[in-house]
Structures are given as structure tokens and as C-alpha cells.
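*Asks:* The structure follows.
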Amino acid sequence: MEKWSLMTITVLLGLIVRWTVSFGSYSGAGKPPMYGDYEAQRHWQEVTYNLPIKQWYFNTSDNNLQYWGLDYPPLTAYHSLLCAYVAKLINPDWIALHTSRGYESQPHKLFMRATVLIADLLVYIPAVILYCCYLKETSTKKKASISLCALCILLYPGLILIDYGHFHLGFALWGVLFLSYDWDLLGSLAFCLAINYKQMELYHSLPFFCYLLGKCFQKGLTGKGLVLLIKIAFMVVASFAICWLPFCTEVEQILQVLRRLFPIDRGLFEDKVANIWCSLSVLIKIKNVMSPQTQLKLSFAFTFLALLPACIKLTLQPSLRRFKFALVSCALSFFLFSFQVHEKSILLVSILLPLLLKDGLLLAYVVTTLAFLTVCATSFSIFEKTSEEDLQLKSLSLSIRAYIPSFKAFPKIIKSLMASKGDKARVI
């Protein structure tokens, strides 16, 4: 009972912070002709409600793709349509075709924020809470640590300021949870939903594939392993078929959606990015010396080579520990070397002060960062009292200590650094 009381307080605190921050400024507010990402979400509701499905991803007189055209998978479009039906009941002007462009009002802002918060409550936040509860068995025995773990995730500034509305992460986390309990079919379904909500989740696709394939190999491909493989394949095909069914009437429909999801013609990178290719362009103007097709092949080769070791290891020796490491390793490989990397794909790196100043988010950044650092500092004080056996890091720490004798002081060093950063933030 005490644990769930703490968890309730955690959720409420997380919701209050997220709701309060959402009342701040947003990118492009009141700045025609594009008006920013807020307008993109509103415009998708306008398009999905007023136009037939076959026109959602096509450039027409009623759907100018240069003006925030749909470039996310079908599940995002369906979500926009659902929100549009609610918006129509409240105020039809919010989604009126053409005339609603750049619509801004306090009631509408409240509605848009509510749609995000409700979806978070239904998908993302429950996944975070249950995941932290699952970690209880493999970390500390302190009851408060579960709530602190959840609070650290819910208050992470990057997920609030840079990409608030991360339901695909919620679906992916549900997938990890289901696989942790050996519910492989549900895990496959959840991850398929994540990919069909945001194509960026392809970053995590190979670890899911390799882990499940490795489990089938372990069970034997002439017995239970073959049955499991067939069930997983059926689940994946069925979930994709249901999501894409309205677009499967013509081959051109499917191709057009794929062109919108993967705009290869834009080149290797554009705008604000922070991967290897953008860094190399300072010395070698890759976009000038290579065709887009050559750039695509080059990025594919380097991405594949970077993620290959972790995927091979996971396939041959599948375990949840290797699976989680592979999720991080493959995501970083995609971020560093893949084609058309979005700056949001690594939130820790993309929290740049100039971007926050541009969007008027400096005050919100300071507040959320302070809250995040406070929770982390509290967590460190609990983890310092936790033995290595509880954290299951004994073998790792012993090997590190063989090379770095002063490793024992590492937690204290990290805590002091976090504290010093907090002091600097207070000065700001």
C-alpha cells in the first residue's frame, strides 16, 4: 500500500510538471506562414477529418504537402483523426478546411495539450510505472527507489520540452515489458504499434528481431522454436496489415506513403542535425561530391557495420540484459551513421541552448532541469546505500576496478557533479 501511495504521488507530480510546462511558449507560435510544430499537429487533424484516406499523403489542391504534409506512419494519422472528431464536437472552426490554418486560441491550446496528456496517461506513463516496478526485482530493495526511478523518467527535460507527445516510446516500452515476462506475441504487437506510430522506432527494430529470433533458435527450429517463430511472424504481418489496410488499395498509395516516411531525395542530412555526416561535412562536402543514392548506400553500410556486433551477439546468446544493451547500441548506431537523422533522435544531445532560446523555452528548461537534477541527486543518496549485489553490478565493477582502482569513488564524483550543475542552473 505504501509503495502505491508513493507511486500515486509520483504520477501526480509528473503530471503537474508536464501540464504546467505545456502552458509555456511553443515553436513557431504566431509566426506565419508555417506557425511551427503546434500547427503541424492541428493541420493533420484538419487533413484527416476533411479529406478521404487516399488523399492524406498525396499533394492536392486541398492538401499542400509543403505545408506540414503528413510524414508519419498511419497510426499517427488515425490518432489525428480521432482527435479531430473530438475537436469537431467542441468547435468546428478548429479543423475547418483551409480557413483554420494558423488557428490559435486559448481554448484550442487547452484542447491540444489535453489530447497529449490523455494519450500519455493511457500509453506512456503506465508503461514507465510498470517498467520501474519490474526493475524492483533487479535493483534496490528500497520502496522509494521505484517511485524515484519513475519520477526521473517522467521529469526528464528532453522528453518534456523537445518531444512532448512520445507515445511511440510508450508502445516500445510496453514491448520491452512484455518480452521481459516472456509474452513474446504481445511484445511483438506493441513494438509493431510503435513503428506504425513513428518510423524512428526502426532504430530499435533489429534488437527486437534478433532477440526473438535467438529465442526461437534456443527452443529449436524443428519444435517449439518453429511454432513460436510462426506465431510471431503472423502477429507482425497481421498488425502491419491492419494498420496499412486502407492504403493497400493501390500500389501507388503504398509507395507514396513510403516516400513521405522516407524522403530520400532530401539528401544525407538537413537543418539541425548532429551525426557523423554533418560533422564530416565541415571537412568534406559529402552532399556535393556524392549523389543521393551513393549517400544512401554509404550511410547504410556504416550503420549496418556499427550495429552488427551487438545484433550477432544477441542472436547467438539471447538474454534480456543483452537485449537492453543492444537497444541502446543500435539506436546510437542509427543516430551516428544513418540517413536523414532527426535532431530529436538523441534527446540528450539535442537539448541545445540556442534551440531553446529560439523557441522561448529557457525558463521551462531551467525549471524542468532543476526538478530532474533534484530527483537524480535524491536517487544517488539511496543507491549509495545499495550493495552491488542488489544492483547486479558486482562482476562489472570488479573488472573495472582492476583497471581503475579509484572506481569506488565514482558515485560520489557523479553526485558532486550533478550538484554543481544544479547550482549553475540556479544562477541562471
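Residue numbering: from 1, along the chain as shown.
Backbone N, Cα and C define each Cβ position, glycine as well.
TrEMBL labels come from automatic prediction, so no person has curated them.
When I checked TrEMBL for this same protein, it listed these features:
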type	residues	note
SIGNAL	1-22	signal peptide
TRANSMEM	110-134	transmembrane segment
TRANSMEM	146-165	transmembrane segment
TRANSMEM	171-195	transmembrane segment
TRANSMEM	225-247	transmembrane segment
TRANSMEM	298-316	transmembrane segment
TRANSMEM	323-342	transmembrane segment
TRANSMEM	362-383	transmembrane segment
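Give me the structural setting of these features: burial, nearby parts and distances.
*Replies:* Here the transmembrane segment (225-247) has long-range neighbours at 53-54, 57, 73-75, 184-185, 188-189, 192-193, 196, 212-213, 215-219, 253-254, 257, meaning same-chain residues at least 6 beyond its ends whose C-beta is under 8 angstroms from one of its own.
Beyond its flanks by at least six residues, the transmembrane segment (298-316) meets 206-207, 210-211, 213-214, 217, 268, 276-277, 290, 322-323, 325-326, 329-330, 333-334, 336-339 of its own chain at Cβ-Cβ distances under 8 Å.
Beyond its flanks by at least six residues, the transmembrane segment (323-342) meets 176, 179, 200, 202-204, 206-207, 210-211, 262-264, 266-270, 273-277, 295-296, 299-300, 302-303, 306-307, 310-311, 313-314 of its own chain at Cβ-Cβ distances under 8 Å.
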*Asks:* Any residues 6+ beyond the ends of the transmembrane segment (171-195) with a Cβ under 8 Å from its own?
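*Replies:* For the transmembrane segment (171-195), the far contacts come to 73, 75, 123-124, 127-128, 130-131, 134, 201-202, 204-205, 208, 211-212, 215, 228, 231-232, 235-236, 239-240, 243, 320, 323-324, 327.
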